[in-house]
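**Student:** Taken from Swiss-Prot, the feature sn-glycerol 1-phosphate binding site covers Lys6, Tyr153, Val154, Glu155, Tyr156, Ser157, Gly158, Gly183, Gly203, Asn204, and the record attributes it to sequence analysis. Residues annotated as Mg(2+) binding site in Swiss-Prot, with sequence analysis given as evidence: Asp8, Thr34.
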Amino acid sequence: MKHLFKLDPAKNLPMNDLTKLVHSGTDGFIIGGTDNVQIEAVQKLYELLGETDLPIFLEISNESMILPEADHFLIPVVLNTENSKWTHGLHQELIKEMGAFIPWKRVTAEGYVILNKDAKVAHLTEAKTDLTDEDIVAYARLAENIFHLPIFYVEYSGMYGDPEVVRKAGAALSNTKFWYGGGIRSKEQAAEMAKYADTIIVGNIIYEDLEKALETATIFRKKTV
């Protein structure tokens, strides 16, 4: 997977726009959000995407994101916070409550480093965003070599990140997949971050300028002679 669209169930998107996203050349979708997430909206969005053969990931920020019928679940583990609630606290509580029913083969953990200090998710998780390049590289190595996380996710959350930081983080990883998300609003930015990340995630621009969002996926289409 090189490209994923991230959809917020709290935001409305016409069916025609969803159809365009499905046929854009993207490799799949993440359904996830921070604010005002209701299970009914998650269910509706998941069902609207249900006709596609593309993978649909539910990113579990709270219990309202859990649909038992989903094929793929993403579990964020925020690495750059001192609040253990976001590294393992909420996770342990949910496992305690539902552990016997969790379909572990459909669950993937992602090690998050959140780097936009103004983002809602940074405030919510109390993320320490004032990091050096060396700090971020160390988190990448921590994710891969200590926690053995399958995904390391650098999240600028609405702000376009520093390509050099992304390059260094990606170069530090061998087996863990490197995902980048944040502020991609053009095919040029998509191509730039795709040089360093295994997968780029495109979100906000979907709701701001759909055509530009679609262009970010077209760069990955296989060319035919």
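Glycine residues also receive a Cβ, built from the backbone N, Cα and C atoms like all the rest.
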**Student:** What is the separation, in Å, between the Cα atoms of Thr34 (Mg(2+) binding site) and Lys6 (sn-glycerol 1-phosphate binding site)?
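**Tutor:** With the alpha carbons as reference points, the distance is 12 Å.
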**Student:** For Tyr156 (sn-glycerol 1-phosphate binding site), what is the secondary structure by DSSP, using just helix, strand and coil?
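**Tutor:** The residue in question, Tyr156 (sn-glycerol 1-phosphate binding site), is coil (DSSP, three-state).
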**Student:** Round to the nearest Å and give the CA-to-CA distance linking Tyr156 (sn-glycerol 1-phosphate binding site) with Asp8 (Mg(2+) binding site).
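**Tutor:** So the Cα of Asp8 (Mg(2+) binding site) lies 16 Å away from that of Tyr156 (sn-glycerol 1-phosphate binding site).
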**Student:** What is the one among the binding-site residues Gly158, Gly203 whose Cβ has the most other Cβ atoms less than or equal to 10 Å away?
**Tutor:** Gly203
**Student:** Greatest CA-CA distance (Å) over the residues Lys6, Tyr153, Val154, Glu155, Tyr156, Ser157, Gly158, Gly183, Gly203, Asn204 that the record ties to sn-glycerol 1-phosphate?
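**Tutor:** So the binding residues stretch over 17 Å, Cα to Cα.
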**Student:** Helix, strand or coil: which one is Asp8 (Mg(2+) binding site) in, per DSSP?
**Tutor:** coil
**Student:** Relative to the Cβ position of Lys6 (sn-glycerol 1-phosphate binding site), how many further Cβ atoms are located within 10 Å?
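**Tutor:** So the Cβ neighbour count for Lys6 (sn-glycerol 1-phosphate binding site) comes to 17.
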**Student:** Among Thr34, Tyr156, the binding-site residues in question, whose Cβ has the most other Cβ atoms within 10 Å in this structure?
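**Tutor:** Within the set of binding-site residues, the most crowded position is Tyr156.
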**Student:** Find the shortest Cα-Cα separation between Asp8 (Mg(2+) binding site) and the binding-site residues Val154, Gly158, Gly203, and name the residue that gives it.
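**Tutor:** Result for Asp8 (Mg(2+) binding site): the nearest of the binding-site residues is Gly203.
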**Student:** Going by DSSP, is Thr34 (Mg(2+) binding site) part of a helix, a strand, or coil?
**Tutor:** coil
**Student:** May I ask which residues of the same chain, at least 6 positions away in sequence, place their Cβ under 8 angstroms from the Cβ of Val154 (sn-glycerol 1-phosphate binding site)?
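**Tutor:** For Val154 (sn-glycerol 1-phosphate binding site), the qualifying residues are Val113, Leu115, Ile136, Gly161, Val165, Val166, Ala169, Phe178, Trp179, Tyr180, Gly181, Gly182, Ala197.
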**Student:** Which state, by DSSP, holds Gly203 (sn-glycerol 1-phosphate binding site): helix, strand or coil?
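**Tutor:** Coil, per DSSP.
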